[in-house]
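Presented below is the structure to which this report refers.
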Amino acid sequence: LPSTFVCPTEIVAFSNKANEFRDVNCEVVAVSVDSHFCHLAWINTPRKSGGLGKMNIPVLSDLTKQISRDYGVLLEGPGIALRGLFIIDPNGIIKHLSVNDLPVGRSVEETLRLVKAFQYVETHGEVCPANWTPDSPTV
């Protein structure tokens, strides 16, 4: 929701790191229950004025709320979505999901680490322990 202050920090942070995700063959997509008109206004507002500014990721409208409902993040009463994050592999399998309450944002660095870990496991068949990074040993 553009009216919450956490949203732009997350979207901008993921947009700023979009090329790092692309470097590991991962695309980032932002989805909100707001209209594409709202998104356009938000993108056309400079970051220094509280907007998103130029985006390196698509910002999709879930105006019908079906995507949010399907992924289990929709709060039906107020019609808003919680902060859901889903890592989906090339076969459409959800490998990771996290859902945050509205006032807490997600970590872009941790998301990128998780993407790399899931890809490593898929490629090498090894297990990545807690706090694994690409330069650390596996199990």
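Just so you know, glycine gets a Cβ as well, placed from its N, Cα and C.
Noted in TrEMBL for the protein shown:
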| type | residues | note |
| --- | --- | --- |
| ACT_SITE | Cys7 | active site, cysteine sulfenic acid (-SOH) intermediate |
| DOMAIN | 1-120 | domain 'Thioredoxin' |
What is the total of other Cβ atoms whose distance to the Cβ of Cys7 (active site, cysteine sulfenic acid (-SOH) intermediate) is within 10 Å?
19
DSSP three-state assignment (helix, strand or coil) for Cys7 (active site, cysteine sulfenic acid (-SOH) intermediate)
helix
